[in-house]
Structures are given as C-alpha cells and as structure tokens.
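Here's the structure, in structure tokens; my notes come after.
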Amino acid sequence: MQKDGDRSKVFTRRVVLLAGGKALLVTLLGARMYYLQVMEAEKYRTLAEENRINMRLIPPPRGRIVDRFGIPVAVNRQNFRALVVAERTRDLEQTLRTFAGLVPLTDYDHQRVLKESKRRRSFVPVTVRENLTWEQMAMVQVNAPDLPGVIIDEGLTRDYPYADLASHILGYVAAVSEDDMDGDDPLLQLPDFRIGKAGIEKVYDLPLRGKSGASQVEVNAVGRMIRELRREEGEPGHEVQLTIDMRLQDYASRRLGTDSAACVVMDVHTGEVLAMASMPAYDPNAFARGLSTKEWKALAGNPRAPLRNKALAGQYAPGSTFKMAVALAAMESGIVGPEQTFYCPGHLTLGNHRFHCWKRWGHGHLNMVGAIEQSCDVYFYEVARRIGIGRIADMARRLGLGADLDLELPGEASGLIPTKAWKSATLGQPWVQGETLVASIGQGYVLATPLQLAVMTARIANDGLAVRPTLCRQRVADGRLITEPTPSFDSVGVSKQAMAVVKHAMWRVVNGDRGTARGSAIDVDGQTMAGKTGTSQVRRISMRERETGVRKNEDLPWKFRDHALFVGFAPAEAPRYAVSVIVEHAGGGSRFAAPIAHDVMLETLRLDPSRRRTPDELAAIREAPPPTAAERRRRAEAKAAAAAALAEATAETAAEAAEGSPGQGGNGQ
Amino acid sequence: MIGDGLMTARLRRGEMTLGEKLWQVSWSLLLLIGALAGIGVAMLYSAANGNMDPWASRHIARFSVGLALLLVVAMVDIRQWMRYAYWLYALALVLLVAVEVRGTIGMGAQRWIDLGVFQLQPSELMKVTLVLALARFFHGADLADTGRPLYLILPTVLVLVPVALVLKQPDLGTALMMLAGAGVLFFVAGVRLWMFGLVVALGLAAIPVAWQVLHDYQKQRVLTFINPERDPLGAGYHILQSKIALGSGGLTGKGFLEGTQSHLNFLPEKQTDFIFVMLAEEFGMLAGMGLLLLYVLVLTYGLAIALRARNHFGRLVAIGVTFTFFLYVFINVAMVMGLIPVVGVPLPLVSYGGTAMMTLMLAFGLLMSVWVHRDVQIGRRGAYDDG
C-alpha cells in the first residue's frame, strides 16, 4: 500500500501539472482569440469587406454631338448583344446550334464561345454575338425556352448617322490603347470603353465622356455576384453643339462627290464654320466598331487620303486666289493705285528669265480690277516687283494665311507665307526677285489650307475684321463646357476703299463680261456672289514644253494635274458667307472649282444658316433633318427594287402585247 | 441513507445492477456533451445557409447513435475493459494493417474501412485502444517499475507500431496526437522526467531526418505555417481567410447566418475543420470564449473523474481520454487561429463528421464507465484482485 500511495501522490501531482499545462494552452488560445478578434478586428474587418465587395463601374452614356440647330450628328445607339452563361445551359454546344438556327453565327464565333467558356468560370457570361438587329433580338427572346443560358444584353455604341459626311469634323471613338491609359479615370480600364481618337470626339473627349457611376456588389469567393449593395449613378456626358449646319455639310460633302476635294463655308462676321467638307472620307462607325487590318490598310493606303481632313491639314499653293492679298498690299503701300495700268504681253522678262501669263498672247492694258477679273499674271508680276515680298507677306498674314487659326480640331496645318528671312533661315539661301514674282500669283513657296483661304475671303468680305474660325462655341474648362459669346474681332488694318476695290474686282470675276468665273454667277433675289478662281500647278512647266505646246491637263497622270481652287463670298451686296473650294488635281479653277462653289453657295443662301431662328423654326429644322446614311441606303435599295420591278413589269407587258397582237409586232412605232 | 455502507461495499466490489449503474451516470457531463453537439447542429444549420440538410440533421442522427454507444460502453464493467484492453488494441492494429494493405493495393491514401452504415477509421479506433492498452500496462506498474528503462520497452513498442502505421498512411496529425496522448500516460504513470528530456532531445535531433521523410504537401503546410504570406492564393489562403473571418467577427460577431466569410465561401471546410471560425465570425469572440469554456468544463470533469477514481486503470483511462479530447480541441482551435500548421483535426462534437464523433463518444463512454465504476478496486495483477 505504501508503494500505491507513492504512485498516487506522483499521479496526482502530475495530473495537476498536466491540468496546469492545459490551462496555459487554453489561455494561449483565448489570448490569440482576443488578439485577432479585438485588437486586430479593424484590419480584418477591412479585409473581409475587400473580400466581399467589388466595385463595378457603370459607364456613363457619352454626350451627343449636335449641329447648330440641334440635329444629332453623333449619338449613342442601343446595341443588343447575345451572351451565354455556360452553367445555365444544359448543353452549351446544343444551345449554340439552336442559336445559330435563329441568328447567323460564324464558325469562328462558335469556336470562340466554346473556348472562352472553358477558360472562364461557368457563371461568367460570354459574348456570342454583338450588334443584333431588333428583329434578331426579338427572335432570340421569343425562343428563350429553347435557348437556356442565353441572355440579351443592351449596351450603347457610338453611332454616326451621317457616316462619312462629317467624319473629319466629328472624328471617331475607338478602344482605349496603352497610350491613352495615362489618365486616372477608372473608366479607361473597362474593356469595351471607347474614347475620342480624332476630331471633336477627341478634343471634347472629357466633357463628352461624363462621370462614371459605380455599383457596389457583393461577391463570393469565386467572384460570382450575390447582390448589389449600393449604386451611385454617374453623370452622362455633356452635349456638344457645333456651328456646323448639318444640312449644308451634307450637301457640300455630297456635292464634292468622288473628287479628292475640300470645301469650307463660314460666316464672315462670326467666323462660325458652317460646313467643312473633305472628300473622300471614312465612316467613323467602322472605327467605333473596330477596324480590321485590311480595312485600315485600304484607308491608309488610298492616294486620295480619306483619313486626312484636306480642309484643315491639306496645304496647297493658293494660285490666283492669292492675288487679292497682293492687290491689297499694293494699295495699302501706296506704291500702286487701283487705277494704275500695266501692259500684259503674255510674259514678263526678269534678267534672263521669262515669266509667263496664263494667257499666252497677253491681256493688254489692265487696271487692278481688270487684272483680278481676268486673273492676269503679268500685272501682278509688275506689282510684286514694285512692292516686294515683305509687303505681300505682311498682308497675307493679316488676312489669316501662314499661321495656325486655332480651330477646335487637331491636325491643323499652318500653310506657308515665304519671306526673305524665312528663306535664309530654312534654306540658307538669299531671296531672289523671281521668287517674289512667283509668290505674287500664289505659286512657289506659298501654301495655304482651304480653311485659311475661307478665312482670308471672310476678312475681305467683312471689310477687314480679323475673324477667327470656330466649330464650336463651347470651351473645355476643367472637363466642363463653357459657352462663350461671339468674340469681337480686331481690324486687320486695311482701308475700306482698298477692300471695296478688291470686293468689286471679285464681283467682276463672277459677274463681269470677262470674269474667269462668269459661268458660276448667282442671282437669288438680287443677291449675287463675288469670288476668285485659282489654278495651282503641282509641277514646273519646262521651256521645251511651252514651245511644243503645253500638254493638256487631262492628258497628264492624275497626280500631276493642277489643283482647281475657288474662293468667294455672298451676298456680294451685304456679305455674310464665305466659301472656299479646292479640287485636287482637277484642272482649272473656273471649270472645276467655281461650279461647286456656285452650288454650295446657292444652298447656303437658301438655308441661310446664320439667320436667327425662332424656337418654332428650330423645331421644324430638327424635325426634318437630312436623311441619314442608313435611310439613304434604304431609299436607294427601294428605288433599285422599284426600278427592277418596273422593268420586269414593262417587259411582261411588252411580251403580253407581243403575244396579244403578233400582227402589229413587226410594224414598229 | 440507510444501507449506505452496504451500498459502498457493493460498489467497491463492482456488484451493481443496471439501474444502479444508470443512476451513477453523470448526467451533467452528458448535458455538457449534448450542449456541444447542439452548438454543432446550429453551426451546421448556418453552414448550409439556414438548412438542416445536408449536415445538421445527420449530425443529430450521429450524435444520437453516439449517445447510445456512450451509454452502452459506460455500462460495461471497467474490469471487462481492462481484461480485453490488449485484445481491443490488437483488433485495432489488425484493422490498421488492413487499411494499409488495401491502401497499397488501391490508389493513394486510404484511411478508412467502409462498413456500410459508417466508415470505420482504424486510426481513430487506435487512439482509444492505445489508451486502454497503456492504461492496462501501467495499471500494474509502480514507481520502481516505471523507473526502469527496460520496463518501458514494451509500452514504447505498443505506441510506436501504430504510430508508424498511421504515419505511413500518411496522417501526421493523428500520429502526433497518438504520440502526445501516449506521452501523457507515460507521464502520469510516473516515468522519470529525465527520460522525457531525453526523448525530446532525440526528437529534435531527428527533425532533419523527419523533414526528408515528410510528404511534399506536409512540407508545404509547415512552410506555409511559418510564413502564410508565402502563398496567399494557395495553401496560405486557408489560414489567411480563416484569420480574416475571425478578426472581422469582432467581439460580438456578425449575427447568425450573417457571416460573410463563411457564407460567401471564402472560408474553407467551414462545416468540418473550420467550424470554430464560423462560430466566432457569426457570434464573435464572446461565443468563441464560451465554447472554449464548455470544453474546459468537460476537461475539468475528466480530470475530476481521474482524481476521484479508486482504481489505477480507470484513472489512467480517464486521463488518456481527457487528454485526447483536449488535443482535439487545442489542435483544431490553434490551427484555425494560425498558431500551428493546418492539420486535419476536427473540433470535437461540433464539426461534421462521423468517424470523429464515434471515436469521441466511445472515449466518453469509457470515461463514463470509469466514473460509474469509480469505487471499484482492482488489484495489481488482475481484475478481481481485491488488492
């Protein structure tokens, strides 16, 4: 028993020791629990929320772009797309096959959907097809019971209803590229977000974009959304209003047609650009949708440069349209008066070089008005020789040439007005007088854009106010739009008398007996047009060629033909609109550019976009916008179908007639 | 209290009717056990997002069967348990070898034998029978015996053979639990402390060797335990999510059925090994502490039974069983709190799972048997020796 007693003592002692050890360990557990659940609770609560809550961005609808009367030119179109959730289908393959029976589905798409749904978690929707028509969408909805797992999703895509008719102004939106990711806007991270890449869409991208909304959703460990916790609505993008009159833009673009050409119409008092067409153009809808490499190559490789806004970025020798600047410089200098005459024998010899007039046998004696009316080159050689390149360049600059005009579009070219300083600085050569003569007829180094020529014309037409062109009266400030009032313009500092002489001469160009554009005269209720033609050579005519006879423009390859130009304003009696037209490699300005300007100006006078409208009139304009590209296509198809039906019907009647009266068949009519 | 002395005498000789034995059952301990199982039911109901199926209802059924098993085991005379201790140990060992053989034939680790109604996991059975066998062995040993190293060879073999088999399965957690449980029996049996020191030293020396033997996934678990951020999406994910769930539960929790970590499936194995986390997330630290308190109460009961029992076999069994129970609780809770590596040990009576439930109810049955037969005296050499 003694031994037993010892054993019991040891047992009890050790059990108590053991109990103490256990108590210690349980205390450790309790302490750890306190540490985690009380001391570190805040940290883990945050982590749990981060686990649980996902922020999902709600992209705001992009702001519309409308014309000066509110006709929408860039809008958001509802885009129906079909998605499939793999886990809700009984058999994904079967569902896709049924779907393909209703809506055409390419083999490629079929395989892509299968591949994507294998890669992603089964509850993540995979896009089956985008851009479903309303009918296709309805078809899918009606057949929903046979299409388990297929859901229709509505999204917004940018839509340009006038397709290529205003593409260079509007620009386009496209997917966000690496380079655009610099901004901290979380919207840029969204996979199908589009931002402005060119034109107004780019310049006004921030206000058009709007502010993103956010939706807080609870997700489980594999990322499946359980429910929405909170929703914060975003701010839709602002609407941008252009100074463009879409009806005029529509007309001008289509009037240019298939030519490689540009046309600008602007208000001579406010500088508002009413139309700025550049053809050929591109369809911005294709960019919003995403361009294939092939389509891109076709656009970029086209020699007529559909991607380039020729009205703004195209630089051309202005040719004879430059002569007004020389005439004004001459009168302002006081060296050559408007009545002073020069004799034109068809050429002028300077040193051992002979400068030709476009008219081989000469114009005879001419004063300033006559010289502009008939566009005599020799007269201007004489004037230029007397006043020098400095005065000419100064006047050209005052008229808006040779420098950026800061239009609200990217890619503006500044043209070039050469001076002696410019030549020695850039070419390192001294100026020679012959270059002054060449410059006086808008050739040589002189370059101008169609927009600059329109501005020059406007500044002449408004008696010397330095209007600046604008496409939009709204200015971006801190991502918002501020509407600015029409600015008041400084004077270019040319006397009214001198302007009156030039304006009269320009009137004679269109309306005079010997005017170079007399075929393009306008008379709308006593309102006439004044203007000036221009033909600019793109190559030098050699002496030998002159002897053998200058080759006709039409015989030359396209890229060596002359550019045809025309600038004008109307009504000549109280000028309001200025127009400039250039047709690349077409030939003479009077033959190829003036008629276009004539038509466009007639339409401008008819629409009279600068006149103030009452709200009722505005509503009427908005209700009758020019047909969109889609409507035109539909109409053309309907017309073709009707014509085909008519032809068929006629053929049938003829056949019937032939059958009904075989005897008369041979007699004819 | 007439006949009290007579009654005591009869108790000492172990001559009790079934009714008397039932009267002796500690119903308060059963109530505690029932409370723990009840908490398990509530948490399993929550784990199924407010459904009795698939876990809560089966938990109830298993507990009911387990309760019956407990009472049956408790009614069996403690001397019978002692008599058959080695046989039961041998049976468990045979089963252990059987799964080992079948596991070799089949693919991968197989730890259980499918008996149709429930799956028998021999390693779980071994936890209990090892306690019985060691208690049987040390029952007759006095301090002089346990002081002799040679005397300890047999019990050491009794321990190491099943441990080796379980390690080979491989089930590190169970092997360590067996080692710890056996060690405690050696300890309370009076084995000299320097021997423990020696074993610990040898064990530390063996760590580099053991590292080579460990399976890759076991190495991963240890490495991940040491630095959970090492692999936040892989193995460390469980520990991290578990800690997030605990921490975000705070003092009072997120509310019943409101635990985001558990209900959104960030928490792994929420119905089994990580159920404690779910409780602590939904009801906070107070509930976690409360549950720990319940476990401490059960442990106290076990300790009291061990101290109160008059036969050495019963005392040893009570200590062994109680300590095994403690190991379950400690390993599980310490694991989910990131104190020790992730080992697959369930929270006793609360976690879903049939095998652990059966083992525990069997163990509590033995504990209860010790309690019911606390006054039975057993001689050194045998069950019917009056000593």
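Any Cβ shown, glycine's included, is placed from N, Cα and C.
In TrEMBL, annotation is done automatically, which means it is predicted and not curated.
For the transmembrane segment (B:25-48), the residues of the chain that approach it from at least six positions outside its boundaries are 54-56, 59-60, 63, 67, 70-71, 74, 256-257, 259, 262, 270-271, 275, 278-279, 282, 291, 294-295, 297-298, 301, 305, 348-352, 364, 367-368, 371-372, judged by C-beta separation under 8 angstroms. The annotation transmembrane segment is assigned in TrEMBL to B:25-48 (among others).
The transmembrane segment feature in TrEMBL is assigned to B:60-78 (among others).
What TrEMBL lists as transmembrane segment is B:84-105 (among others). Same-chain neighbours of the transmembrane segment (B:84-105): 111-113, 120, 122-123, 125-126, 128-130, 132-133, 135-136, 158, 161-162, 165-166, 168-169, counting only residues six or more beyond its ends whose CB sits under 8 Å from a CB of the stretch.
What TrEMBL records for B:125-144 (among others) is transmembrane segment.
Residues annotated as transmembrane segment in TrEMBL: B:150-167 (among others).
Here TrEMBL flags B:179-207 (among others) as transmembrane segment. Same-chain residues lying 6 or more positions outside the transmembrane segment (B:179-207) and placing a CB less than 8 Å from one of its CB atoms are 127, 130-131, 134-135, 138, 141, 143, 146-147, 149, 152, 155, 158-159, 163, 315-316, 319-320, 323-324, 327.
According to TrEMBL, the transmembrane segment annotation covers B:283-304 (among others). Beyond the ends of the transmembrane segment (B:283-304), by six or more residues, the same chain brings 26, 28-29, 32-33, 35-36, 39, 246, 249-254, 256, 276, 318-319, 321-322, 325-326, 329, 333, 348, 350, 367 to within a C-beta distance below 8 angstroms of the stretch.
Residues or ranges marked as transmembrane segment in TrEMBL: B:316-343 (among others).
The transmembrane segment annotation in TrEMBL covers B:349-372 (among others). Long-range neighbours of the transmembrane segment (B:349-372) within the same chain, counting only residues 6 or more positions beyond its ends whose Cβ lies under 8 Å from a Cβ of the stretch, are 16, 21, 24-26, 29-30, 33, 36-37, 39-40, 43-44, 47, 55, 58-59, 62-63, 66-67, 69-78, 81, 112, 118-121, 124-125, 127-128, 131-132, 271-273, 275-276, 279, 291, 302, 305-306, 308-309, 314-315, 317-318, 321-322, 324-325, 328, 332.
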Near the transmembrane segment (B:316-343), which residues from the same chain, at least 6 beyond its ends, have a CB less than 8 A from one of its CBs?
78, 81, 127-128, 131-132, 134-135, 138-139, 172-173, 176-177, 180-181, 184-185, 188-189, 221-222, 224-225, 228, 235, 238-239, 242-243, 246, 273-274, 276-277, 292, 295, 298-299, 302-303, 305-306, 309, 351, 356, 360, 363-364, 366-367, 370-371
